[in-house]
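Record features, source TrEMBL:
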DOMAIN    B:5-127  domain 'Phosphotransferase system enzyme I N-terminal'
DOMAIN    B:155-226  domain 'PEP-utilising enzyme mobile'
ACT_SITE  B:190  active site, tele-phosphohistidine intermediate
DOMAIN    B:253-541  domain 'PEP-utilising enzyme C-terminal'
BINDING   B:297, B:333, B:454, B:455, B:465  phosphoenolpyruvate binding site
BINDING   B:431, B:455  Mg(2+) binding site
ACT_SITE  B:502  active site, proton donor
């Protein structure tokens, strides 16, 4: 199981566009991937789930991947977060 | 052949076949089912067809309109691929033994409720629209009722619609949408404004039964007169084809004026600027050769939103306008909101007389926190161009002094925070008769004045401009109006200040000769009037217009007499 924590720096939090891209990235992998924020956890392959968390600026989130490609999954997701300006 | 009338909303002539844009009936009943797996199969089939359709639309939109517009449909596909949502719909069917329509709608309502409750996250909240759109599409396939997709139009059409919403106009491909007929609204409805900014001929407020126009009927739309002809005769087709040619010829002649400086025949240079209400209007202003922005109404920031716009949201909009205008002068008016506009997040009681009530600067001074946010955003944006700020509905000197002192306080705070702030010119919108009469006193307190004729005329004439029963009193060329306008302009000039005008009157082809004669320094109007006004001024000798203006304010006693003077003076100029 791979687990990583992030601090969201984007002023608008994880809004529609980066959320869509995160979901698309996560969906490429076999692993079960979850996004956790304020003790709520959702499937990162679910756009509705991700948006319903309403992650805002300065939020601390945790992403967990569990499966045969968990490491690659977390790396790819970290990259998308950075490219979208969500994290530093 | 049938002829109809409507309100002329956007100039030009179009001939093409009718395309009815109707809202399909997606109502359904909750049903109990026995075979859940068949129902789930039905659901998946509808989802698959919806996805295929969305991919086609996305592809078309990408080719015809660009990636921004196509992005919406990409988001729709992502929603339809959401494993969690599909599971919820599935389990609703299985556990509650209900039909797919009901289950789909229930799950989507649940999400919409969650999203709408996220009051601190505007971006997410707006996504409720996407969920609603996607649900509609799936329902349409479950029910076998086709959805009408403007993005799939691939031949030249006249759109026939009850009213247009921003989400369907965003899908219009200008190459194919040649004209618009709708039965809602007047010249300021969404359909009308949108068609003017896209320069598509349009008639709104259709008088008659829209259902008399069938899909595929040949339709002529004359957006300059409000005439509509369904299935015209050959002679009518020829006549309007010729009208179309003439219209285009006139447009291309006017296009020559785009990059010219405005000039009268004797070399006076008033500025022709544009009035804008949104960022979309800005492109039209630039496209039509505006020499500045004479009025940026900031209300859309407050109206198109479910919350008070933040300082950053406002700053970004103001900065964009200033940068796009590339150091040409931009006058931004602080918010004119209040009793006549319904802002759900602001608790403003409905009033019996909103035009005489709690609005504009009156509300700004009463709710300084909202005002300060806007002023800070403006001050920060000032570093990016040539900014002037204008206060609306100023009635007394004390109101103006208060507004200015709040602006100063915010300026000092920002400078202490080491934020770059450039000098800003301060002006008032002269639209209340009290301020107009006292213009010479206001001149000591401002850098410019801009006459807001729409309100000023209704206050002078005591006639609600929205009330048809008294619309005959809305008389821009009434000598009473002209005397007061001249008084304001003279007060400015006596104090070495420029005088501007930003009401409809500034773009009125009859009023322009008189205003040139009064020495008005800036005419600010809707973008579509700029080129014809510039062409008109080029033929006017300002010295003769001075004579005309003086005659109008000293000798005329009625609108009709003024009109006669104008015709006399301008005919001799041609």
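From the backbone N, Cα and C atoms, a Cβ is placed for every residue, glycine too.
What TrEMBL annotates, mapped onto the structure for a quick look.
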residue	record	DSSP (3 states)
B:297	phosphoenolpyruvate binding site	strand
B:333	phosphoenolpyruvate binding site	strand
B:431	Mg(2+) binding site	coil
B:454	phosphoenolpyruvate binding site	helix
B:465	phosphoenolpyruvate binding site	coil
B:502	active site, proton donor	coil
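Separating the Cα atoms of residue B:431 (Mg(2+) binding site) and residue B:297 (phosphoenolpyruvate binding site) is a whole-number distance of 15 Å. Rounded to a whole number, the distance between the Cα atoms of residue B:502 (active site, proton donor) and residue B:454 (phosphoenolpyruvate binding site) is 9 Å. Cβ neighbour count within 10 Å across all protein chains ranks B:333 highest among the binding-site residues B:333, B:454, B:455. Shown in sequence order, B:275, B:276, B:277, B:333, B:336 are the residues of the chain, 6+ apart in sequence, with a C-beta less than 8 angstroms from the C-beta of residue B:297 (phosphoenolpyruvate binding site).
Considering only the residues assigned to phosphoenolpyruvate binding, B:297, B:333, B:454, B:455, B:465, the longest pairwise Cα distance works out to 21 Å.
Cβ environment of residue B:465 (phosphoenolpyruvate binding site): B:454, B:457, B:458, B:471, B:474 lie under 8 Å away, each six or more residues apart in the same chain. Sequence-distant neighbours of residue B:502 (active site, proton donor) (same chain, 6+ apart, CB under 8 A from its CB) are B:273, B:275, B:294, B:295, B:331, B:429, B:450, B:451, B:452, B:524. If you take every residue in the domain 'Phosphotransferase system enzyme I N-terminal' (B:5-127) and average the pLDDT, you get 88. In terms of DSSP helix, strand and coil, the domain 'PEP-utilising enzyme mobile' (B:155-226) has 16 helix, 22 strand, 34 coil. Counting residues per DSSP class in helix, strand and coil order gives 79 helix, 17 strand, 27 coil for the domain 'Phosphotransferase system enzyme I N-terminal' (B:5-127).
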